[in-house]
Amino acid sequence: MTRSARNPNPIVHPPPLLMARSSPAVLLLLLALAGVAAAGDIVHQDDEAPKIPGCANDFVLVKVQTWVNKKEKDEFVGVGARFGPKIESKEKHANRTRLLLAQPSDCCTPPTAKVSGAKVSGDILLVERGLCRFTKKAKVAESAGASAIVIINDKHELYKMVCDRNETDLDIGIPAVLLPKDAGSKLRSLLSSGEVLVQLYSPDRPLVDTAEVFLWLMAVGTILCASYWSAWSAREADIEQEKLLKDGHEIPPNHEAGGSSGMVDINMASAILFVVIASCFLITLYRLMSHWFVELLVVIFCIGGVEGLQTCLVALLSMSRRFKPAAESFVKVPFFGAVSYLTLAVCPFCIVFAVLWGVYRRLPFAWIGQDILGITLIVTVIQIVRIPNLKVGSALLSCAFLYDIFWVFISKMLFHESVMIVVARGDKTDEDGVPMLLKIPRMFDPWGGYSIIGFGDILLPGLLIAFALRYDWAAKKTLQSGYFLWSMVAYGSGLLITYVALNLMDGHGQPALLYIVPFTICTFLALGMKRGELRNLWTRGLPERVCTHTHPSLKDTADPVRSS
């Protein structure tokens, strides 16, 4: 779960066409793909840089707006230093100041009498990184009469300018800003076009990000819809089974009680295997991350999105009397088997939709198509993949919990950077990150970007919540006496705490499952223990009930027995 998809701070009724025929290994791969973007904010972590007197500023992003010969040009983004005065936050209060190229360019020694053919008098100096401390560059520039200093990094990313622990003379009166190498090179090239004016300011982010509110509603709504579809499918299958038993028919060998054909139950081995597959896939992404590899992920996502979209559309349209005959008429298609006419009619639209998104995914409004494909994919997977009992659900979420913590936090000790965050950020590519996430643009944030949430943060807890609703309906529980309502409240609360922690920690990596998993599992365990149903939930996953069809003599008995 994350705040920004692109931030300059370094700081998945009718069974689907393909997935119903997929093996558990393929579904595990889908869960692994979802787990890739299941956590971590797409910003770099803070370096260890304790605040000391004179060097205690918070790290802030700084906008560097430029004018060449009084005509507005490019805007660059840098990061402010720990030292020096705070940078103005209001654009209207920031001054336009002349920019000069320092001589010498590193500003480690006092500049010559004239810098770039002009005297330094309240101007801003543009200097190169290297050869001396950031604090010394700032002191030299201040002594020469500069009002601020802009430093060009020697790498294509931002770097936090800090002070050494043993530094004492930190009385610096001018602000310092660091630009990445590419931005600094463009800014330096503008100096050859005429007089360059720059304006430095650091606008504050809004206290509450409205995009995060909509993203929270989107995540909760997706699980809500997926859970009701899953429970409805299970109830329809139970009704069908009851009719067969009532009529004296034998139950087909492949018919699943409490479910429907084409569904896949996760077992303990699959739950544990999830961590292994997801970790191997994440390492592969980390090692092979490149433009072509992200393109491959886009293709995989589009294939899954087509499947999810057509499944949801067929289910919705088949509810209408106009389309119901087409949904109930089938034709045999090679490789796919029996396919409804409605599915054949919907598939071309879904394919065109996914292809158009893949081609135009970099456009400003492409996030809408990505969210539609992502939500339908998640709903479809939750409708197909089932957790049979609380033991498997707890094992799956616990494994995902450890997976998130390890690859967001502990992996930094082994790889010197957070593997999950690097992959989610899409380093070494020109993409905003991997496509396995939902995102909404931050409309009222002066820094722009996206608020995002990974598929895994919705899909994995959604499997357990869908199990809760199936159990409630089978046990004929009310909303308050069941488990679904409270597990939804637990999920929503855990996701809300994630956003709070994300903002309190300045947007740094916070795996959402770190908060969601304890909330949901502990709620389930506490309610099950209080109601005396924990053993049944844990091992069987189905309510105890009388089977009157195979045991007619038990119709009037008060002692319940397990269903046949």
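From the backbone N, Cα and C atoms, a Cβ is placed for every residue, glycine too.
Per TrEMBL, the features are:
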type	residues	note
SIGNAL	1-39	signal peptide
DOMAIN	102-187	domain 'PA'
TRANSMEM	213-231	transmembrane segment
TRANSMEM	266-286	transmembrane segment
TRANSMEM	292-317	transmembrane segment
TRANSMEM	338-359	transmembrane segment
TRANSMEM	365-385	transmembrane segment
TRANSMEM	447-471	transmembrane segment
TRANSMEM	483-502	transmembrane segment
TRANSMEM	508-527	transmembrane segment
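Most Cβ pairs under 8 Å to the transmembrane segment (447-471), among the stretches 213-231, 292-317, 338-359, 483-502, belong to 213-231.
The list of residues near the transmembrane segment (365-385) in space but at least 6 beyond its ends in sequence, with Cβ under 8 angstroms from a Cβ of it, reads 12, 15-16, 19-20, 27, 30-31, 34, 218, 222-223, 225-227, 229-230, 233, 262-264, 266, 301-302, 304-309, 311-312, 353-354, 356-357, 435-441, 450, 455, 458-459, 462-463, 466. Listed as Cβ neighbours of the transmembrane segment (338-359) (distance under 8 Å, sequence separation of 6 or more from its ends, same chain) are residues 14, 17, 298-299, 302-303, 305-306, 309-310, 313-314, 317-318, 323, 326-332, 366, 369-370, 372-373.
Residues 1-3, 41, 212, 216, 219-220, 223-224, 227, 453, 457, 461, 464-465, 468-469, 471-472, 477, 508, 510, 512, 514-520, 522-524, 527-528, 537 of the same chain lie 6 or more positions beyond the ends of the transmembrane segment (483-502) yet place their CB under 8 Å from a CB of it. If you take every residue in the domain 'PA' (102-187) and average the pLDDT, you get 84.
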